[in-house]
Amino acid sequence: MAEAPPVSGTFKFNTDAAEFIPQEKKNSGLNCGTQRRLDSNRIGRRNYSSPPPCHLSRQVPYDEISAVHQHSYHPSGSKPKSQQTSFQSSPCNKSPKSHGLQNQPWQKLRNEKHHIRVKKAQSLAEQTSDTAGLESSTRSESGTDLREHSPSESEKEVVGADPRGAKPKKATQFVYSYGRGPKVKGKLKCEWSNRTTPKPEDAGPESTKPVGVFHPDSSEASSRKGVLDGYGARRNEQRRYPQKRPPWEVEGARPRPGRNPPKQEGHRHTNAGHRNNMGPIPKDDLNERPAKSTCDSENLAVINKSSRRVDQEKCTVRRQDPQVVSPFSRGKQNHVLKNVETHTGSLIEQLTTEKYECMVCCELVRVTAPVWSCQSCYHVFHLNCIKKWARSPASQADGQSGWRCPACQNVSAHVPNTYTCFCGKVKNPEWSRNEIPHSCGEVCRKKQPGQDCPHSCNLLCHPGPCPPCPAFMTKTCECGRTRHTVRCGQAVSVHCSNPCENILNCGQHQCAELCHGGQCQPCQIILNQVCYCGSTSRDVLCGTDVGKSDGFGDFSCLKICGKDLKCGNHTCSQVCHPQPCQQCPRLPQLVRCCPCGQTPLSQLLELGSSSRKTCMDPVPSCGKVCGKPLPCGSLDFIHTCEKLCHEGDCGPCSRTSVISCRCSFRTKELPCTSLKSEDATFMCDKRCNKKRLCGRHKCNEICCVDKEHKCPLICGRKLRCGLHRCEEPCHRGNCQTCWQASFDELTCHCGASVIYPPVPCGTRPPECTQTCARVHECDHPVYHSCHSEEKCPPCTFLTQKWCMGKHEFRSNIPCHLVDISCGLPCSATLPCGMHKCQRLCHKGECLVDEPCKQPCTTPRADCGHPCMAPCHTSSPCPVTACKAKVELQCECGRRKEMVICSEASSTYQRIAAISMASKITDMQLGGSVEISKLITKKEVHQARLECDEECSALERKKRLAEAFHISEDSDPFNIRSSGSKFSDSLKEDARKDLKFVSDVEKEMETLVEAVNKGKNSKKSHSFPPMNRDHRRIIHDLAQVYGLESVSYDSEPKRNVVVTAIRGKSVCPPTTLTGVLEREMQARPPPPIPHHRHQSDKNPGSSNLQKITKEPIIDYFDVQD
């Protein structure tokens, strides 16, 4: 194959060639069907771009593509270098995405058939030489090759170059088979099996054959068959789709400018214009076409007549006409549909892969778990989770009955209890691997909510919102004059550019606005109207008070009419009213009674009253009391006129009326003459004590009559920001969020983190992860982050510091700790010089502005104990009683007692006083007694306690033991062990239940004797369950007997088990019951002590004293 010269610039295709039909709509019906299938499958595939078009071509290199499409026309008739068919490209050639010639599958199929036919024609041409000679002469005359218009070269075509000069995309390889249509790598891509070749009689007349052009096929029928193949296919399609019509023939569309309506041989689908995605061709590109030759024009006439293609320029004008384009942009519809499909597809993908999380429990939603889907936001939740949420207090709607969705806050009335599929037709749907989880697998059939669409969703049961209805409908504009094709379910109303011209509310004028929805605006023409009486006029809009005109006026001014009545004597007293005025009420034929209405005039005429002739004659009076009701008084007592029957208004009332205050709390009596109106009231001085609506303040209004006491004060409470106060009227509940905002950047202290404006009031500075850059008191390393507080956190670096009293040098002390106490006493010498500070290690002075109050340690002169008075450094010790405690004992040493020192000395003084009393006789005889020796320091220390009865009994026992030569170590009288075995608490508990103690002691004695006499080294006894006090007695007695005691079980079945051990368990010499009985018995009186006294040295003693000083018999004084 000869190679064409290189091409520079853009490709030029001959727009007049047969194969270059940029806006061919021959197969629009099939394209519409394919497009509808693509729309219905978009959600399932989540693929929003149409599949790549079929390109019937071979894999031709880029250089060969340039050679194929490059050819110049030579007017001189010279043959070009390239023998291949070439086309002059127009700049408007589209990319592979457009629906031009190279994207039409039916065109490729037709080219394939033409290719076979031309091959047959070429074989016949080679066999006949005369035909070849004629063919060469024809070429020289016309200067063109027949193969320029042969469709067989279309198989060499590839995707057209982009208008911007981009490299064309790689063409798709097709594998030819005996099936219908081409197959892409074994896959059937397009099937067009209904095309048939038209019969020869369907072809056009022979005059359509171009002059000077010889076809390779010498047969005329073969020539017609090749030329009219496209036309026959088009006729076949029109028979299959008789309802199709071009877009400009849609009902309600306006005619295209510069074009007469075509004959309707067949109707095309109304959506064909919407399915065509081919962009308009610029007018500049149309003007750049080269001039057509005569041959080209004739060839174009034949081709246009055979294939009935649409003119390119007219199609461009139709697409650019703004009146023909639908008012709803398809781009916006695709955008909305894409958002819906993205939401639904995302839900399907996440539910299928189990990656969707429940917003309540934050757990993954499994394919087998029961779920519930919100019909407002389409979020999916676990059924159990949404039940718990719906019953929780947090889900309750404010002021409404129902519960709120956790995602969209949509209020629902009923709590879901059943697990249903997304469309709601099947309960408890079973999960299938081939279906969407939680769906029933049937068609959705849900209606579009809130839209005027009769169609239902035709997708399978799915989560998320249903896609918009894909159907189209013809909708009338608001004024009803034009109709437009719009998407079904579109809530947008259609408007045309015509005026409305509906009758306005006045009924006279027409609406001059453009086509609009709703009612027309009231008529805006201003008219001047006069009232019925003619005294007042006004300017109103046309249509105001329609139907109220009486021919003279149009409204009532609410003034007295004042027109002259027919009588000519009186004027109309009614309020301004439509004509005519009523008759004069004083006419004789109208007046039937006296002025008070109690007596008819006929009776008065019989009594001699004169008859009335005109309205000016007075009405006769009956002479009775008028009795007409007056406006004063009350409902219980109505005041009446007290005058005699009279004409005109009744006079003032002479009685009094009781009126109430505004709040009806108090009443007041006033003369009727002072009442100016029937509803006369006054204000009392009672203040309202009810709470205002804010709940914080009281009303406090005087004579309040309000039902809702609104608070006029300003709230004034601080808002959450802490900087501003609420400026709204005082209200209940929490204040609103502070609406103040700053338009300055809010940064952290170091400036690394920034919050850009607007910044709501009260917003805290952003958190920063950088290290704090402030100047710190210490030079230790900084470990805390940047912060907004004024003070940095304390430094925690461990250091060594002295305590406050300089006692210890402590380690591991945080740097921020300053005053450290070691916990030891201060021991610093106080200013008094005698004492030391007793406080723990502290800071500062030991005593601040206060004297030392520690006790004085100076020994007393009389007893030697310290002074113990508050510290008195500069003064002598005060004379006070010594409060030190000393130990006193009796003469035998058995009794010991701690006594205050001053009390001990007073006891000695009492003893000394008794001794002085014995010498009182000497004082009576004139003698003197020296008492200085009675109270001495030594004698004070020798103070003793008096022996008691036990001391005497113990003394007797000692003497008896000495008499029988019994050693004291043997303890014959059980003096040391008798009181040491049993404790005081055991004795007190045993006194409460002696019988129980006796039984326990018997059991223990038996147990101890059994283990000592038996063969076993241990033996146990279990006591029955008992209370805590009895168990404590058993434990204490077990210690006395040398037994082991353990408590088992729990209350109230807790008991004690005692165990006797040989060699350890011993019975005490005296039982506890015996000790208690001896103590409880009455003691015998103690023996009378006998003291030996020396003979009285005083010769003057009386005989009475001698008798009293008899010797005391000592029964234990055994003398040898």
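A Cβ is built for glycine as well, from the same backbone N, Cα and C atoms used for every other residue.
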Ask   = Which residue from SER90, SER95 is recorded in Swiss-Prot as phosphoserine?
value = SER95
Ask   = So which of SER50, SER875 shows up as phosphoserine in Swiss-Prot?
value = SER50
Note = Candidates SER150, SER392; Swiss-Prot annotation phosphoserine sits on SER150
Key: Across the zinc finger (863-884), average pLDDT on the 0 to 100 scale   = 87
Key: Same-chain residues near the zinc finger (832-854), Cβ under 8 Å, at least 6 residues beyond its ends   = 803-805, 807, 819, 821-826, 870-871, 873
Cβ-Cβ under 8 Å with the zinc finger (506-525): same-chain residues at least 6 beyond its ends = 477-479, 481, 493, 495-500, 541-543, 546
